[in-house]
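Enquirer: Here it is, the structure in full.
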Amino acid sequence: MMMGRFALLLLAFASLQLFCVADDDNNDDDVVFYESFEESFEGRWIVSNKDDYKGLWKHSKSEGHEDYGLLVSEKARKYAIVKVVDEPVSLKDGTTVLQFETRLQSGLECGGAYIKFLRPQEAGWKPEEFDNESPYSIMFGPDKCGTTNKVHFIFKHKNPKNGEYVEHHLKYPPSVPSDKLTHVYTATLKRDKEVKIMIDGEEKKKANLLVAEDFDPPLIPAKTIPDPDDRKPEDWDDKEKIPDPNAVKPDDWDEDAPMEIEDEEAVKPEGWLDDEPEEIDDPEATKPEDWDDEEDGVWEPPKMYNPKCAIAPGCGEWKRPMKSNSAYKGKWSPPLIDNPNYKGVWKAREIPNPNYFELDKPDFEPIAAIGIEIWTMQEGILFDNIVIAKNEKVAKSYRETKWKPKFEIEKERQQAEEEASGLDFLASIKRKVFNALYQIADIPFLSNYKPQILDHIKKAEKQPNLTMGVLVSTVAIILTIFLKLIFGGKNQCPRIETKPVPVVAETSDDQGSDGEKVEKAEKNEAAAAARRRRRET
């Protein structure tokens with residue numbers, strides 16, 4: 001009996017300990033800051049009064065939800081708003097999680113949707129004057145414009161030797177999701193100097209704050225630098241090749257020979273209409289009733305292709321086509337030979353870097369405020385559920401309870417809309433392909449080519465009629481780079497151009513029967529074919 005009671009007591013004590021530990025994992029003290037925007041931001045957040053920031057912030061519901069957020073309501077504007085936290089948040093000890101949701105309800109062609117975690121006001125800034133110069137410790141979040149497509153993670157760090165603050169950018173950051181759904185962005189700073197970037201709870205990037213390969217510029221400066229006072233000697237010859245001084249231009253080298261000459265063997269095609277112009281006045285065109293000769297000038301009918309030229313080899317003055325000149329050699333220049341005086345590429349001598357320092361861990365400035373300072377060409381950016389926590393489990397619980405239900409609803413609604421429009425399968429495949437291409441663009445070894453790859457992906461997204469061609473071009477670029485990396489070669493991105501798609505102008509002229517319109521279209525097509533034949537002749 002005594003042993004049984006003791007066992008029950010021990011079990012109860014152990015259960016109490018587990019309960020306390022579990023409760024500690026979700027301790028309210030781990031939530032340093034939380035903003036749900038369920039209440040209006042007015043009176044709690046401070047809008048910058050700087051003249052440049054005219055964008056109107058609104059307290060608005062997310063489309064299709066009862067959930068409120070902070071809305072960017074106007075396009076082509078600068079925005080700035082800030083919230084001072086009750087107590088500065090230290091980033092030096094333990095884990096710190098920075099997390100927020102963003103929904104690009106109108107898409108994002110050019111603009112930012114990131115957040116700045118600001119230093120204390122003693123650094124020289126005021127909330128009502130918040131702008132792009134206000135000092136921050138960390139800047140984190142989406143940014144898209146042109147070839148830029150990244151989820152920034154930038155931290156500013158003070159150099160203890162010279163007192164200057166330097167921006168350090170995460171290398172090879174992940175791309176921004178290309179849809180209009182709500183996404184949650186998480187940056188976790190850990191005590192082992194690691195930073196982890198997640199999108200929708202999925203790890204996209206992991207880096208070490210002290211490793212030179214992970215940040216640009218590196219947090220720890222180089223031990224040595226080129227001597228700024230060192231100068232290349234006047235007699236230093238850094239030309240590896242020189243023209244051969246003994247070379248002589250051959251006697252038969254004709255520098256004046258043209259690159260192309262007329263083809264003397266060409267014969268004018270039979271039936272060529274010398275006296276017919278290629279274009280004639282459109283006989284069906286009439287002068288507009290509101291045309292004023294004094295104001296608009298003398299009216300001239302628009303031109304059309306001469307129908308006679310469509311059935312003939314060509315019209316107008318016939319000229320012999322040009323052909324390559326076999327005697328063409330161009331300007332002569334002596335061949336290059338090895339330079340006997342070549343000393344190699346000159347470099348300044350290395351000297352100790354006066355700004356070099358070492359650290360065991362970053363010396364972050366604390367977070368005293370949360371600011372959104374952006375410029376965007378699109379409206380409809382919605383910020384929500386901003387969290388600063390000292391526990392990863394807390395951030396995860398917010399993702400599960402606040403973000404995930406909205407995201408699932410939006411996905412279902414998007415799928416339903418695609419099914420209703422009859423584009424379910426194709427739209428789904430297209431979206432998966434684009435998402436896969438964005439993930440491929442994030443691969444580190446493709447970083448030098450990322451702008452070109454993203455540029456091609458953007459063209460495919462914007463111009464549906466070019467999608468397949470651009471996708472093939474993009475895949476070709478990636479395969480070419482991959483093969484070059486395997487088999488060697490110059491580190492250059494292949495240039496693959498996409499041919500523009502001709503645009504047929506619409507006209508409001510609906511006069512004439514369908515048969516006449518078809519006949520006119522056939523004549524124009526025949527004329528175009530004739531022009532192509534003439535070019536080939």
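Cβ from N, Cα, C; glycine included.
TrEMBL entries are annotated by machine, without manual review.
So TrEMBL says this about it:
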SIGNAL    1-22  signal peptide
DISULFID  C110-C145  disulfide bond
REGION    218-305  region 'Disordered'
COMPBIAS  226-243  compositional bias 'Basic and acidic residues'
COMPBIAS  252-265  compositional bias 'Acidic residues'
COMPBIAS  272-283  compositional bias 'Acidic residues'
TRANSMEM  466-487  transmembrane segment
REGION    501-537  region 'Disordered'
COMPBIAS  514-525  compositional bias 'Basic and acidic residues'
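Context for these features, please: burial, neighbours, distances.
Expert: With a cut-off of 8 Å between CB atoms and residues at least 6 apart in sequence, the same chain places K144, C145, G146, T376, M377, Q378 near C110 (disulfide bond), listed in sequence order.
Taken through DSSP, the compositional bias 'Acidic residues' (252-265) splits into 0 helix, 3 strand, 11 coil.
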Enquirer: Give me the DSSP three-state residue breakdown of the compositional bias 'Basic and acidic residues' (226-243), ordered helix, strand, coil.
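Expert: Tallied per class, the compositional bias 'Basic and acidic residues' (226-243) gives 0 helix, 4 strand, 14 coil.
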